[in-house]
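Here the structure comes first, spelled out in structure tokens, and everything after it is commentary.
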Amino acid sequence: MTIQLEGKKIQDQDQFMVPQTNAFGHNFRDYNNAQSERQKGVEKFYKTQHINQTYDFVKKMREDYTKLDKAKMSIWECCELLNDVVDDSDPDLDEPQIQHLLQSAEAIRKDYPNEDWLHLTALIHDLGKILVLPKFGGLPQWAVVGDTFPLGCSFDESNIHHKYFKENQDFNNSIYNTKNGIYNDFIGLENVMMSWGHDDYMYMVAKENGTTLPSAGLFIIRYHSFYPLHKNGAYKHLMNDEDEENLKWLHVFNKYDLYSKSKVHVNVEEVKPYYMSLIEKYFPAKLRW
């Protein structure tokens, strides 16, 4: 069975075998294993994130980073910078980020050989994590990684560790704490203020630098951490028709993003020529960051 989308086909297939446990031997996205020290660190991370990600904070971050004045470099140069980044919010893996990018991209490439834009989207989807590096602001991890969620409306209970939102200053703000908050039904996710992090930043970088990736690729980059939506179906009342179509591709992507994480490394030099050709196809040689 296939799903037709914007002239492309999404295959309903199972070539990619989903593993039963993550790199630590636990269930994927298991946030409740109190025996794991890493899990305790992840919960502490989400407490800090939920308290500090406010509407005003995100507005300030967007105003600052939309200037794209931190650096000028190629996509591959940015990929190499990710060797210095480990995601503290990830309960499934503690490997350098470039390996996660290549693992997910190679898994998708195997199952969807003709969708080269999807291969490249997988490679670059987490590049925004460079925000933790000093040159790019040295932001704390709670302002860079982790599940994302809308600001300006109530925090849906499907959000991981929802209880910590009670300490967020927006929680009791009557303007923001209703289901719709400042938004109308079907307003479109592009008009919704999302929590600040690597997703929104990389989307901003790609769009402002004139990428020719299709809208589904940009949607994946911007919302791949929006688990309340694509895992639990929350906030769908804010989506428009284009969002609904692009969400189909995000569901495809998410399987590879989540379950391809492994301790088995990809040979970077072996696959680099292929991804360099895709970068040249869809991006300028140098980008403003």
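Any Cβ shown, glycine's included, is placed from N, Cα and C.
Less than 8 angstroms from the CB of HIS224 (Fe cation binding site) sit HIS125, ASP199, LEU250, PHE253, ASN254, ASP257, each of them six or more residues away in the same chain. Residues or ranges marked as substrate binding site by TrEMBL: ARG29, ASP87, ASP88, SER89, LYS129, GLY146, ASP147, HIS224, SER225.
Taken from TrEMBL, the feature Fe cation binding site covers HIS100, HIS125, ASP126, HIS198, HIS224, ASP257.
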Residue pair ASP126 (Fe cation binding site), SER225 (substrate binding site) - Cα distance, angstrom, rounded: 10
Whole-number Å value for how far LYS129 (substrate binding site) lies from HIS198 (Fe cation binding site) (Cα to Cα): 5
Env. residues of Fe cation site, Cβ within 8 Å of mean position of HIS100, HIS125, ASP126, HIS198, HIS224, ASP257 Cβ: LEU101, SER104, ALA122, LYS129, ASP199, SER225
